[in-house]
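Take a look at the structure below.
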């Protein structure tokens, strides 16, 4: 197509291969579309230079494939049209046997002109033009509506109020891109927001660069027109390759969602490298000294490109290196600080993330996504969420985060309205749907709505392990343990390292018959990450299943490595009480009596004192625990139960009865409390109440042998009194001293 000498082709190829501006296209997943488009682009050009009909058809096919890969691929048809026009001009001006004075038009070129007629060339031009129009129409049909909408921080020039600012900035951006090709010293993975300030006045110095760029293009075009044959073809084709392929990304035809993107220079750099190589060849014809200087300059340029490319490769080696490079290359770019803050947020460096979010907002006050993300890191991010919504009322994530904040504050009605708004803005916003389901799950009468939302969220994204886990927890909370376990299993299959689902599944399997499976799950969670809370849960599993030796070893490990964990001391003390190591257990419980879990430590201390016949201390301690309980707190039921046990052991049955009643009012599912209250009624001769509470205890737990024995004794007693008037009138009868306490 260009009939170049090998050395010129080699220089152009080396420059293209080593150019550092290609790093983004090659390293970034998104940029692979540019690389594939370039390959198809070159295939289309090579096929276009052939004379046969088959090759011409192949050129059009490659052009179509290039377009399907990336929009700028369609510009190859423009380059092909320029090539056909040049061919037509050369044929009609040079003649089929003419030879240029510099000998550039070799025999092969002359034969190619002889083998094609004007009719064939006009036919190729017409077909290429029609195919280009058809592909443009097809692309518009695929869009199926208005062009994509972009935000101000994507392309600030597109939102400038002054048409002069937009015009001058759009003219300056091609000059800036050309400078990146000429001197790629400052490169960045992102050029959005404030990276390139808008050109707001005709008197700005940057307009000189725009003028120089336009005059240079004009001079190059005029010079190429004055030349003949292959000389003209080389310049015009190189220039058209550089200009046409850049036009879709220039903002001159349509508004695009970026200011500068290095990856879109992958194909234009082909034309640039060809022009530079051609210029070097022309200079080398002016004498041996200049030729030597050109060779040395070309070598130094290629070496610089290689070194710069190696440095850029290191930048793209990891996310941290990439986002850090943005701060170094474009420190005034709000997006660079935003991305760095996102990285720091993900790795848990909260304070540095907050700092860079604030820098991003200082550089770009209307950066609504930065407001939203900063709000998630602050104790009270309401102000930032509201600012994000004020800037962009259609930003669903800000509505969702504001709803979550109100949900934590207990303002369910306000939270619901924001969740519904987020779902209205994005009907497939799975986290918002799941959170609204969690909100409804805590409200009486909304359980069906909650389940319907969970099912819908899973339908939208069956691979979301968080939603599956939340739905499982919802089912388990409402007594549907087998269904809950199914959801936990699905969550673990989708995301094997989802520790929350693993732990929830283990907790749901804490029954004696499933203790081995629960143990496996706890150990699986610990293999992912050593968490003292999970180890504590495993220790409690050992405690409940009577595996004291394993539990003791685990708690001793926890105390060595996490000596400040009060929960560990409390639970280890429970194990020691069961092993009758009362002195060590008492020391552990007393060590946490001034901590936030003091109430629980008092409960177990009371149990310990009662077991060691220190009844007065037991009563005093349980009363201290009860003083920390609120009236309607369900978790305090076990404290009233323990209080009743102590009073029962002191033979104060009336007071014990009242404590047991208080416990059952708070939690009617306490089997042991039902059993002890039944015993008191049995002893006092209130057989009707005794029978009722024995039956309730049996429904909840039928395993205790003492319960079964006492129920049989009550049945015998009732049989003996079947015809007794005191039984028929429900009067108090003589006590039954045979009841086992």
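Each Cβ is built from the backbone N, Cα and C atoms, and glycine gets one as well.
Note that this is a predicted model, so its numbers are computed, not measured.
The stretch that TrEMBL tags with transmembrane segment, taken from the ranges 77-98, 99-120, 121-142, is 121-142.
Among the residue ranges 43-66, 235-258, the one that TrEMBL annotates as transmembrane segment is 235-258.
As a quick check, the transmembrane segment (264-280) and the transmembrane segment (163-183) clear the bar of 3 or more Cβ pairs under 8 A, pairs 6 or more apart, so the two touch. Taking the repeat 'TPR' (532-565) as a whole, pLDDT averages 86 in the prediction. Proximity of distant same-chain residues to the transmembrane segment (203-223), defined by a Cβ-Cβ separation under 8 Å and at least 6 residues beyond the stretch ends, is recorded for 168, 171-172, 174-176, 178-179, 235-236, 239, 243, 275.
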